[in-house]
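Worksheet: the structure to be examined is printed underneath.
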Amino acid sequence: MFPFSIPASSILFLLLLTFQPVSSSQQPYKNENFHTSKKDHSQKMSSSLLFDITLHGFLLWASMGFLMPVGILVIRMSSREQCGRRLKFYFYIHTILQILSVLLVTAGAVMSIKKFNNAFNNSHQRIGIGLYGMIWLQALIGIVRPKRGSNTRSLWFFIHWMVGTAVSLLGVFNVYSGLFAYHEKTSRSIRIWTIIFTVEISLISFFYLFQDKLEYIQKQGVILGNDLVTPTDQVLSPNDKQKELNTDPC
């Protein structure tokens, strides 16, 4: 019926040639979709991780880099108050700031445990886990505060002051180390944030140290025009001296 016959092997070879372009054209398309979806997923994960890192840093800065130092500054201001409403006001403000600080640092700790890879192979993570424990210890010490005049009040005050000072100094240091860790993780510049935080801590430290000298400065005299009036420059009569001795215990 046909003038010539085609071997079965030739027919199979032609069929393979026919379907080969179709399958080869679809395979790169599938591979391209796979790599594209994988790349998009990676970008979404990195942006989510970046947000978590930023939020973690903000919480820890607000806690140990701002609220806690300001709370110490407030209670320092109450040292010149003996009693009354102002002393209670300073105490309540100090307590509120420290409670907020503990809550924020706890939220940051929970976030770091859930979201980050805690290998504890750097100083930032190691100091951070120690700070979490010290902050809660300080909170418990504040809760068991004995009354003024009790035998254990002096020991309690010394421990409370030591732990609070250590937490504040380590907290400030860990904020700096966290900024450097953020830079290494994201390759983003931290120059402006480092400058702002340094200015903030410098101002708080200045006011903290200035409080010791404020009363001394106020007693040095008052400048009236070009004349400096000090207690040693005033000439007092014997009666005035007697009145001063009776009214001024210093």
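The backbone N, Cα and C atoms fix where each Cβ goes, glycine too.
Residues annotated as domain 'Cytochrome b561' in TrEMBL: 15-218. TrEMBL lists 1-24 with the feature signal peptide. Among the features that TrEMBL reports, transmembrane segment is placed at 58-77, 89-113, 125-143, 155-178, 190-210.
Cβ atoms under 8 Å from those of the transmembrane segment (58-77) belong to residues 90-91, 93-94, 97-98, 100-102, 104-105, 107-108, 111, 128, 131, 135, 164, 167-168, 171-172, 174-175, 178, 197, 200-201, 204, 207-208, 211 of the same chain, restricted to positions at least 6 beyond its ends. When pLDDT values are averaged over the domain 'Cytochrome b561' (15-218), the model yields 81.
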